Amino acid sequence: MENIIKDIDIISAQEAQACDYKTTEDENTGKSKKLYIESYGCQMNFSDSEIVASIMKDNGFDTTSDFEQADVIFLNTCSIREKAETTVRKRLSQFNAIKKHKPEMTIGVLGCMAERLKEKLLEEEQIVDVVVGPDAYRDLPNLVATAEEGNKGVNTFLSREETYADISPVRLNSNGVSAFISIMRGCDNMCSFCVVPFTRGRERSRDPHSIVKEAQELFDKGFKEVTLLGQNVDSYKWSPEENNKARLNKKDDASEIVNFANLLEMVALIDPKLRVRFSTSHPKDITDEVLYTMKKYDNICKYIHLPVQSGNSRVLELMNRTYDREWYIERVSKIREILGEECGISSDMIAGFCTETEEEHQDTLSIMDIVRYDFSYMFYYSERPGTLAAKKFKDDIPLDIKKRRLNEIIDKQNKLSDERNKMDIGKIQEILIEGESKRSTEQLKGRNTANKVVIIDKGNFQKGDYVTVRITDCTPATLFGEVVS
Ligand code: SAH
Ligand code: SF4
Ligand code: F3S
């Protein structure tokens, strides 16, 4: 962990993972053309790349891990902080060299940066042929075909209905054990610092039957864990009427309203050996019903990502988070009351938001002590054009102060992670094996219910196995266990 603190650009172990891009793998089913996708940003964006791969597969493309072999390169981009966009621009300039040798290659920018910048991207980055926003991926084959004829194309139409419910994603970078399922798109929350409502559009929930079907198919293929994804899963709500589905008769309508707790239950009931996770929970919306549903089913993992952003009520109000410090602490007490100490809780924190004072920053540190997060994703504030905060407030905290406050938050989190992990020593836990550990082929890596990585000796186990272990040791980032027969 120490080396991470030194490098302020890499904010935490988790952030390092989040910054990493993912690429497509080699798949050769004899299709005539090759597609390479590089994906940045959040899990939802990675999940979208699986939809994109599926759409392109149906239109004559196999995926490749080697961009030099590709006929089409897509960068599925993120706009959440300025750094995310600079990374993509640097990458585009690297691709410039390749395109010089291979001018017939099509280069597309997808995702949040495409949505934010629209046509401007074509002007600013000459190398780009197509710009396609998150709700327009069905149009990709058409836009690529047009680009192949020499015409650049843009589609950044944001939809109120699109959920890609009927598209069966091609699993990319899969360990064959855990998979992500998007259950909703967009966000209606308008947190003042956040670009997502502008890049992802209005919130809409996906038909629960298509979600259960996708989870069932994954289980049938041998997957053991699904993570249900949305920017704010607690506001998941689906009714045939709301979603304009005329296929059901009137009698079914009333009983068919599905909230997030109902959806969790529907997925948990597929099989006790299918673990269910979800992310992200919004503190203003997480209900007791969801907590009781988690308690009722052993296979719903006891882990909640509950981003606080700040521990100070005035700052939370400026952020337009619509809860205050007391509300947040009450929700955490409820989690502890219903699910106990074992439930993992993680957070996102933003240091140095507009006008944040030293005392208000101290409130973030103190709420961390109260909640005792298992881990956190920690950032300093990065002003995003067009957001409410950019329009209304001055980004007035100097960078060195933002970084110092962030460092204090990281230090605090490292201590808390260490403490929380030490509490696990001696405990008996069930882990799901995900594959070999990074360090040694003689060891396996699994995850406990609270989403912590546990390393064990290989023995005769393999990925996909559930193994009961006793925790013997830990670092702030990892637990070590021995098998209990
Ligand atoms: N929907 C999730 C968050 C999605 S964005 C939620 O509401 O919690 C992931 C995280 O990025 C946010 O939780 C926030 O901590 C961080 N983030 C978003 N905009 C940011 C900005 N402008 N500067 C710094 N961090 C930001
Ligand atoms: Fe952004 Fe807030 Fe929506 Fe999360 S809930 S995506 S932080 S606007
Ligand atoms: Fe980034 Fe868009 Fe996700 S801005 S964090 S890729 S929703």
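In case you wondered, yes, glycine gets a Cβ from its N, Cα and C as well.
Since this is a predicted model, take the numbers as computed values, not measurements.
For Cys42, Cys78, Cys112, the entry in TrEMBL reads [4Fe-4S] cluster 1 binding site. The DSSP secondary structure for Cys112 ([4Fe-4S] cluster 1 binding site) is helix. Every protein chain considered, the tally of other Cβ atoms within 10 Å of the Cβ of Cys112 ([4Fe-4S] cluster 1 binding site) stands at 28.
Under the DSSP three-state reduction, Cys187 ([4Fe-4S] cluster 2 binding site) is assigned to coil, being neither helix nor strand. Residues or ranges marked as [4Fe-4S] cluster 2 binding site by TrEMBL: Cys187, Cys191, Cys194.
Per TrEMBL, the feature domain 'MTTase N-terminal' maps to 33-149. Looking at the domain 'MTTase N-terminal' (33-149) alone, the prediction's average pLDDT is 95.
For 173-419, the entry in TrEMBL reads domain 'Radical SAM core'.
The domain 'TRAM' annotation in TrEMBL covers 422-485. The DSSP breakdown of the domain 'TRAM' (422-485), given as helix, strand and coil counts, is 3 helix, 33 strand, 28 coil.
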Residue from Cys187, Cys191, Cys194 whose C-alpha is spatially nearest that of Cys78 ([4Fe-4S] cluster 1 binding site), among the binding-site residues: Cys194
Rounded Cα separation (Å) that holds between Cys191 ([4Fe-4S] cluster 2 binding site) and Cys112 ([4Fe-4S] cluster 1 binding site): 17
Cβ under 6 Å from ligand 1: qualifying binding-site residues of Cys78, Cys112, Cys194: Cys194
Helix-strand-coil residue split for the domain 'MTTase N-terminal' (33-149), DSSP-based: 63 helix, 24 strand, 30 coil
Binding-site residues close to ligand 2 - of Cys78, Cys187, Cys191, Cys194, only those whose C-beta is under 6 Å away: Cys187, Cys191, Cys194
